[in-house]
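Marked as signal peptide by TrEMBL: 1-15. Summarising the annotation, TrEMBL assigns domain 'Longin' to 8-119. The annotation transmembrane segment is assigned in TrEMBL to 62-87, 184-204, 224-244, 273-291.
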Amino acid sequence: MSMVLFASVVRVADGLPLSASTDYEQEKDLQETKRHLKGLSKKLGQFPDRCTLKSGPYNVNFIYSLGVGYLMVCTGNYPNVLAFCFLDELQKEFIITYDTKRISSAMRPYSFIEFDTFIQKTKQRYNSPRSLSTKINLADMQTEIKLRPPYQLSPEDLQAINGFSVRAASKYKGIAPTQMLEPATLPGIVSCVLSILCGGLNLLRGVHAIESILQNDDEDFNYVIAFFLGTAACLYQCYLFAYFSVWRNSKSFLAFALICLSNMYLYELRNVWQILFHVAVGAFMTLQIRLRQPLGKAPDYNV
């Protein structure tokens, strides 16, 4: 029989459990899967915001948004669409019921245990599919999953999560992997090369500025700082393009702003075309960072 067996709500930042469904099941495989879920809840931010994991005869599914994660365990034959509809309902109700400040200030585990009532009622509904026909729109979720399918976690993805024991033989040992990005495109590679070039030019000019200061005390040391800040911003944009990071788009925009400010300060040492070149490369790099999304995630054009 296909059914939802367990669900929980956790804070993404530290894995603090906020609420969970009452557990009556003592089956050994299920208890082991729940131990996996507990370890996973502490590392949600390392994975895409919609994932699924096969754990023996069960599936673990989760989503997270606005700093809160929603996890569930269901039987392996439970429909994927229904599973994510269930999680989506939990998310909408939790966001409406509790404000962000209260969630972030929670200190004790299960501070919102009263939400268990809603979890239990929703679980009962989703374990009786006939009662769902007029209450949820499966077509919308089917379309969303088709356009943005959940990321399939493997035992290797979870190898180094504390408290996680996987049965499959591991091919490697090490830290849990960070979220993977889509393959780099040609424009992205070109923008990265140009950004490195701009960083190198800034570094070279900064070294020459230091030499001028040593020879002439009247030189402005702030020019050196501006050149080196421009170098750091260009190289940091390359890093953001190559690796996943939390608030990646916001960080790339701040790096671009730093490039603009440093070039504005250096207007006496550069002509208009040089300044436009550095700013254009920074803007192009910022765009490519925003376009290169994590695997399994639809493009997000919000900073």
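Using the three backbone atoms N, Cα and C, a Cβ is placed for every residue, glycine included.
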Are there residues at least six beyond either end of the transmembrane segment (62-87) with Cβ under 8 Å to its Cβ atoms? List them, or say none.
1-13, 18, 30, 33-34, 37, 40-41, 44-45, 49-52, 54-55, 94-95, 100, 103-104, 122-123, 126, 129, 132, 136, 138, 141-142, 145, 150
Per DSSP, how many helix, strand and coil residues does the domain 'Longin' (8-119) have?
48 helix, 30 strand, 34 coil
Model confidence over the domain 'Longin' (8-119), as mean pLDDT, sits at 87
Below 8 angstroms Cβ to Cβ, which residues of this chain, lying six or more residues outside the transmembrane segment (184-204), approach it?
227-228, 230-232, 234-235, 237-238, 241-242, 259, 262, 277-278, 281-282, 284-285, 287-288, 291-292
